[in-house]
Amino acid sequence: MTLRESEDKRVVEVLAHLASSRHRITTARRHIVTALVGAGGHLTAEEVAAVVQAQDPSVHLATVYRTLEALERLGIVIHIHLGHGRAIYHLADSSHYHLYCQLCGSVQEIPQAELDNLFAVVANSYGFKPSLGHFAIIGTCGRCMERKGLNGLSSGGSSPESIA
């Protein structure tokens, strides 16, 4: 199966889920789902709108926001906050968290299973269940640490001010 066929199949699956939830498959919704599938990653609502408007200039940014909210209510899309910036959106097709570099703005995905032990320690030691569903873990990526000559495993915390 080619990448294009795989993307087309995923679009059909998402639209079928939408239809089975008694939601109409509008042209705008089809374009928005296609943009998210084609991106294969994380897009702001404005970036989704730009992709969609390249195909159909009649789709307004407000329509994109409303559609993304509807898709999120259905569990099709997830939004993530990256620091103080705009939210990014992606399909809810895997369980993972996000690592956001406060210096260069890069976003990496980390499988949920890799943090399960940490969350268990927090729950057992502090009686607290972390929920990172809509938030990224903010820090400094390896490339920026290397560029700044920092050791990624230092025992002391580094504030963005001390790194920059």
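Even glycines carry a Cβ here, placed using N, Cα and C.
Cβ-based neighbour count (10 Å, all protein chains) for CYS104 (Zn(2+) binding site) stands at 11. CYS104 (Zn(2+) binding site) carries neither a helix nor a strand DSSP state and counts as coil. Feature annotation from TrEMBL assigns Zn(2+) binding site to CYS101, CYS104, CYS141, CYS144.
Cβ atoms within 8 Å of the centroid of the Cβ atoms of CYS101, CYS104, CYS141, CYS144 (the Zn(2+) site) belong to the same-chain residues GLN102, LEU103, GLY105, SER106, THR140, GLY142, ARG143, MET145, site residues excluded. CYS141 (Zn(2+) binding site) counts 19 other C-beta atoms within 10 Å of its own C-beta, drawing on all protein chains shown.
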